[in-house]
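In what follows, a structure is listed as structure tokens, so that the remarks can point back to it.
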Amino acid sequence: MGMSSLKLLKYVLFFFNLLFWFCGCCILGFGVYLMIHNNFGVLFHNFPSLTLGNVFVIVGSIIMVVAFLGCMGSIKENKCLLMSFFVLLLIILFAEVTLVILLSVYEQKLKDSVAEGLTDSIHRYHSDNSTKAAWDSIQSFLQCCGVNGTSDWTGSPPASCPKDPQVTGCYVKAMQWFYSNFLYIGIVIIFVCVIQVLGMSFALTLSCQIDKTSQAIGL
């Protein structure tokens, strides 16, 4: 019975982490795609590297490393790798909870910083081609104009702005998109946390089962 339980747990954890690893590959690939095709980071002059593409690349890389440890630890029945996998997942879970708390506490400050960065980037529209391309792209995609409206532009608005004089600003449009999808974002975050807790549980259970099986066969 002990050996059967060990094999079942081993292969469940292995395929669980294999799927986790493929997800990491997809996230990494999508991040590389965003880094190549999107340049929205230039809109925030103080944090040019803090872009969605860079975040996806970092997250995807971390997932791949953690999942690889889980795969190897389970298939090799290696307690050291399993506990490393468990500890890394625990650290990531604590980091996610901390990040959510910080975002909740400093929500208004973050909003002000984003609005300030967008306003500052408008002044570089005519002098920096990357900033111009980023603004044209976001205005065309969200069908918005400026940060708060057409009045943000000195002179006539760019051709990428909709022709409607009452068009909404891009900051407001972005916030509306975020809040309209807040439920889905929350569901994804909860789902990821549940997956992490399951992975930790499987790793800990498999590690304990390895000890019990070793004792049962006299190792």
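From the backbone N, Cα and C atoms, a Cβ is placed for every residue, glycine too.
Between CYS161 and the candidates CYS144, CYS145, TrEMBL annotates a single disulfide bond, the one to CYS145.
Remote same-chain partners of the transmembrane segment (81-106), defined as residues 6 or more beyond its termini with a Cβ less than 8 Å from a stretch Cβ, comprise 17, 62, 65-66, 69-70, 72-74, 189, 192-193, 196-197, 199-200, 203-204, 206-207, 210. The number of other CB atoms found within 10 A of the CB of CYS161 (disulfide bond), across every protein chain shown, is 22.
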